[in-house]
Amino acid sequence: MTESVSKPVRPRAAVILAAGQGTRMKSPTPKVLHRLAGRTLLDHAIDAAEGLGCERIIVVVGAHSPQVGESARKRLGPDATVIQDPPLGTGHAVLAAKDALADFHGDVVVTYADCPLTTAPVIAPLFDLITHVAHVAVLGFEAQNPTGYGRLILAPGHVLLRIVEEKEADLATKQVKHCNSGVLAADRAVLFDLLANVRNDNAKGEYYLTDVVGLAHERHLSTRTAFAPEASVQGVNAQAELAAAEAVWQQNRRKALMVDGVTMPAPDTVHLAWDTQIAGGAVVEQFVVFGPGVSVASGAVIKAFSHLEGAVVGEGALIGPYARLRPGAEIGPDAHIGNFVEVKKVKVGAGAKANHLSYLGDGSVGEKANIGAGTIFCNYDGFEKFETHVGKGAFIGSNSALVAPVRVGDGAMTGSGSVITKDVEDGALALSRADQTSKAGWATKFRAIKQAQKDKKKDKKA
């Protein structure tokens with residue numbers, strides 16, 4: 001879910017840095033296109049920028065990952081990306097966005113596409129600072145282990161004097177636990193004027209964005225720091241860090257849902273998606289997985305080991321255990337979808353039931369209808385999908401196959417084991433199975449013959 005903050009006082013823009021190689025991920029997928037809660041890291045960063053009210057968003061990408069640029073342009077439009085080539089540091093990356101923002105007059109925030117937990121509310125204090133007291137504002141955090149981070153050298157009142165990178169730090173500076181998240185905000189003109197004067201005379205030969213702080217201080221421009229929890233500014237550079245960020249995100253979202261009145265007996269076992277909507281009064285049992293696009297109404301119960309994606313669950317509905325709702329499933333109020341039932345692109349009416357071992361794909365189930373165990377909506381002929389519609393109050397006998405396109409009318413019934421290939425009119429009973437015959441004594445004779453054959457084989461072996 002995109003978290004928003006109050007309306008901006010001045011126009012805002014964001015420069016999202018997404019040009020890193022991401023080699024430590026050891027994956028053919030670009031780092032920022034890996035997913036957290038079902039959404040790419042890049043999209044999480046864009047969500048934060050949009051939540052801040054940024055009217056312009058520029059994503060800085062590397063020439064090595066065209067997929068990243070394609071993803072950004074697909075969401076933001078054809079002019080949303082610039083290329084940093086060659087990669088010469090964070091300051092150089094932000095400078096790559098200068099021309100794209102030449103006609104923008106307002107405040108700019110620099111963020112990172114690999115920091116999915118750095119949301120709009122986390123960043124928002126920087127805009128408050130540059131609106132009221134600062135020319136440049138930096139987001140900092142207090143690190144339990146500061147090794148590897150740039151250190152914030154502060155004066156009283158969170159006045160920021162300079163940022164010292166780890167490789168440039170002396171022993172005393174390395175003892176400082178106030179660290180730089182990398183997120184920085186300033187007026188556009190101030191930011192790019194300072195960047196134009198950044199030099200690369202450092203251990204890595206790169207142009208550091210952090211050097212703008214020292215330059216600002218030299219020019220008697222005010223610089224300030226806002227602090228955020230360490231967990232909210234952690235970057236993702238390896239698979240283990242992605243898993244750690246996922247765990248933090250899931251924990252935060254589960255807590256928020258429980259505060260809103262959702263019951264979770266074992267919250268640590270529930271996996272949510274970025275846009276999962278669950279109303280207060282709903283119950284989510286153990287080991288439930290939500291993919292993107294799920295909405296659950298108040299009073300619904302999602303029982304253990306169910307999997308939902310792209311589905312709507314109405315008030316008082318009962319799902320599972322071991323149910324699967326796929327995209328397009330709409331479960332009406334007080335409907336039941338039971339164990340080992342799969343529903344895809346089917347609207348299930350209020351009070352309808354499919355309690356056991358069924359596949360319902362493409363179509364509808366009317367109010368109060370009952371779907372017997374083992375029912376299959378046969379929706380695919382190998383080339384096309386077709387729809388099955390079960391009317392209000394209809395009763396589908398166990399082990400029925402409904403071969404689409406077909407309609408079972410209101411109040412109609414099908415006999416168990418039937419293969420229904422033609423429409424069934426309202427109130428009718430449809431049967432399609434061979435007549436049962438009974439041969440008296442046949443089973444007894446069969447067993448006797450088989451036992452004799454078995455005994456004869458034993459005698460030969462003896």
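Cβ from N, Cα, C; glycine included.
Positions annotated as region 'Pyrophosphorylase' by Swiss-Prot, on the basis of sequence analysis: 1-239.
Sequence-distant neighbours of GLY150 (UDP-N-acetyl-alpha-D-glucosamine binding site) (same chain, six or more apart, CB under 8 Å from its CB) are ILE163, VAL164, GLU165, GLU166, CYS179, ASN180, GLY182, THR210, listed in sequence order. Secondary structure at GLY150 (UDP-N-acetyl-alpha-D-glucosamine binding site), taken from DSSP and collapsed to helix, strand or coil, is coil. The UDP-N-acetyl-alpha-D-glucosamine binding site annotation in Swiss-Prot covers 17-20, LYS31, GLN84, 89-90, GLY150, GLU165, ASN180, ASN237, ARG326, LYS344, TYR359, ASN370.
Swiss-Prot lists ASP114, ASN237 with the feature Mg(2+) binding site, giving sequence analysis as the kind of evidence. Summarising the environment of ASP114 (Mg(2+) binding site), the number of other Cβ atoms within 10 Å of its Cβ, over all protein chains shown, is 26. The secondary structure of ASP114 (Mg(2+) binding site), as reduced to three states from DSSP, is coil rather than helix or strand.
Sequence annotations record features per position, and here Swiss-Prot assigns region 'Linker' to 240-260. Taking H, G and I as helix, E and B as strand and the rest as coil, DSSP gives the region 'Linker' (240-260) the counts 20 helix, 0 strand, 1 coil.
What Swiss-Prot lists as region 'N-acetyltransferase' is 261-462.
HIS356 (active site, proton acceptor) falls within a strand when secondary structure is assigned with DSSP. Annotation comment: Swiss-Prot describes HIS356 as active site, proton acceptor, evidence class sequence analysis.
Its Cβ placed at the centre, TYR380 (acetyl-CoA binding site) has 12 other Cβ atoms within 10 Å. In the three-state DSSP reading, TYR380 (acetyl-CoA binding site) counts as strand. According to Swiss-Prot, the feature acetyl-CoA binding site maps to ALA373, ASN379, TYR380, SER398, SER416, ARG433.
Considering only the recorded positions LEU17, ALA19, ASP114, ASN237, ARG326, HIS356, the residues lying within 10 A of ALA373 (acetyl-CoA binding site) on a C-alpha to C-alpha basis are HIS356. With every protein chain in view, the residue among the binding-site residues ASN379, SER398 whose Cβ has the most Cβ partners within 10 Å turns out to be ASN379. ALA19 (UDP-N-acetyl-alpha-D-glucosamine binding site) sits 10 Å from ASP114 (Mg(2+) binding site), taking the Cα positions as reference. Once Cβ contacts within 10 Å are tallied over all protein chains shown, the recorded positions LYS31, ARG326, HIS356, ARG433 are led by LYS31. Here the CA atom of LYS31 (UDP-N-acetyl-alpha-D-glucosamine binding site) lies 7 Å from the CA atom of ASP114 (Mg(2+) binding site). Maximum C-alpha to C-alpha distance over the listed acetyl-CoA-binding residues ALA373, ASN379, TYR380, SER398, SER416, ARG433 is 22 Å.
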